[in-house]
Amino acid sequence: MAVVDVHRFAESITCHAWSPDLSMVALCPNNTEVHIYKSLSQDHWERLHVLQKHDQIVSGIDWSSKSNKIVTVSHDRNSYVWSLEGAEWVPTLVILRLNRAALCVQWSPKENKFAVGSGAKTVCICYYEQENNWWVSKLIRKRHESSVTSVAWHPNNVLLATTSTDGKCRVFSTFIKGVDTKDSKAGSPAETKFGEQILQLDLSYSWAFGVKWSPSGNTLAYVGHSSMIYFVDDVGPSPLAQSVAFRDLPLRDVLFISEKMVIGVGYDSNPMVFASDDTGIWSFIRYIGEKKAASSNSSYSSQFSEAFGKFYGSQSKSTTANDASESRGGVHDNCINSIVSLSKAGSPKVMRFSTSGLDGKVAIWDLENMEQELGNQF
């Protein structure tokens with residue numbers, strides 16, 4: 001089993017992020033607060049801080065690895081940057097200028113900017129103005145036709161990928177004069193204006209979620225609500241796109257383990273492994289959880305029996321339903337909505353990652369003992 005630690009912190013978890021040294025985790029227990037826990041032992045976590053500033057549910061958290069700052073966003077349309085001063089976390093309000101909820105947030109690789117996706121069909125690019133001692137929000141208003149569900153920074157700190165409930169994945173330039181430095185190479189992202197769309201992908205016919213870049217920035221992956229995952233190589237005027245369909249429930253988020261391997265998590269409550277072969281063709285490999293070994297036919301039969309039993313109130317059918325639900329995943333009991341790397345930024349391989357979900361659990365997964373099982377792609 002790849003799981004090394006599982007702990008239930010709340011009834012439900014909206015999002016989570018780790019401190020630079022991985023000794024603390026910040027999470028939202030599906031309310032207006034952010035709780036910070038420190039691991040004292042494998043089975044014991046102590047709550048050190050409760051960050052209270054937002055008025056509505058916290059929808060996004062990211063913890064910078066270099067500056068040790070926490071950024072949070074909420075349905076209240078605001079963002080806070082938290083700095084540790086002594087033993088207290090001090091918030092700085094960032095006015096996003098949104099008229100709808102903020103849905104997700106991520107620090108840029110250089111941590112001089114962060115991006116916020118929103119329900120206002122816009123993306124906020126926020127940066128710090130030293131002269132005025134405040135955070136400024138610049139809006140990318142073009143193109144999006146619906147809520148922006150996820151954002152992902154390219155390693156070059158300029159390109160930003162987004163997904164939306166309009167089913168599209170887009171790549172924008174976020175170059176800001178005075179914040180970003182120009183690349184001497186011709187055709188670099190710095191030569192494009194702020195907010196200019198570089199690419200639009202119309203691969204999904206349903207909501208799109210969980211966009212991520214590979215460690216090198218050469219490949220882009222995101223998921224659709226129709227149980228599809230999409231891979232895009234050579235992002236630019238002539239991209240190469242692949243679609244992989246699977247028969248189980250849709251995914252919500254993905255993480256590149258290496259250039260040729262991706263972990264997907266979502267409504268099936270069990271991480272899924274996708275890998276690329278030597279010819280560059282992506283495919284589904286396996287589930288990480290051991291208890292997914294039950295045959296699909298018996299699983300679907302058990303689900304039908306469960307629904308049939310609930311309809312007629314049969315007690316005997318509910319026993320079969322419990323057995324079926326346990327076989328679908330031995331770690332999480334509900335949708336996994338977040339997956340976070342536990343490796344250093346820029347690392348070519350991710351050996352550890354964490355997941356959190358609507359069951360209130362945070363699970364830590366270790367892939368070191370699974371290299372032979374996962375194959376050469378790892």
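Glycine too: its Cβ is placed from the backbone N, Cα and C atoms.
Record features (Swiss-Prot):
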type   : residues : note
REPEAT : 8-47     : repeat 'WD 1'
REPEAT : 53-92    : repeat 'WD 2'
REPEAT : 97-138   : repeat 'WD 3'
REPEAT : 143-182  : repeat 'WD 4'
REPEAT : 203-242  : repeat 'WD 5'
REPEAT : 257-295  : repeat 'WD 6'
REPEAT : 331-375  : repeat 'WD 7'
Stretch-level contact, the repeat 'WD 1' (8-47) and the repeat 'WD 6' (257-295), CB cutoff 8 A, at least 3 pairs: no
Residues in the repeat 'WD 3' (97-138) grouped by DSSP into helix, strand and remaining coil: 0 helix, 24 strand, 18 coil
Reported mean pLDDT - the repeat 'WD 7' (331-375): 86
Closest-packing stretch to the repeat 'WD 5' (203-242), where packing means Cβ pairs under 8 Å, from 97-138, 257-295, 331-375: 257-295
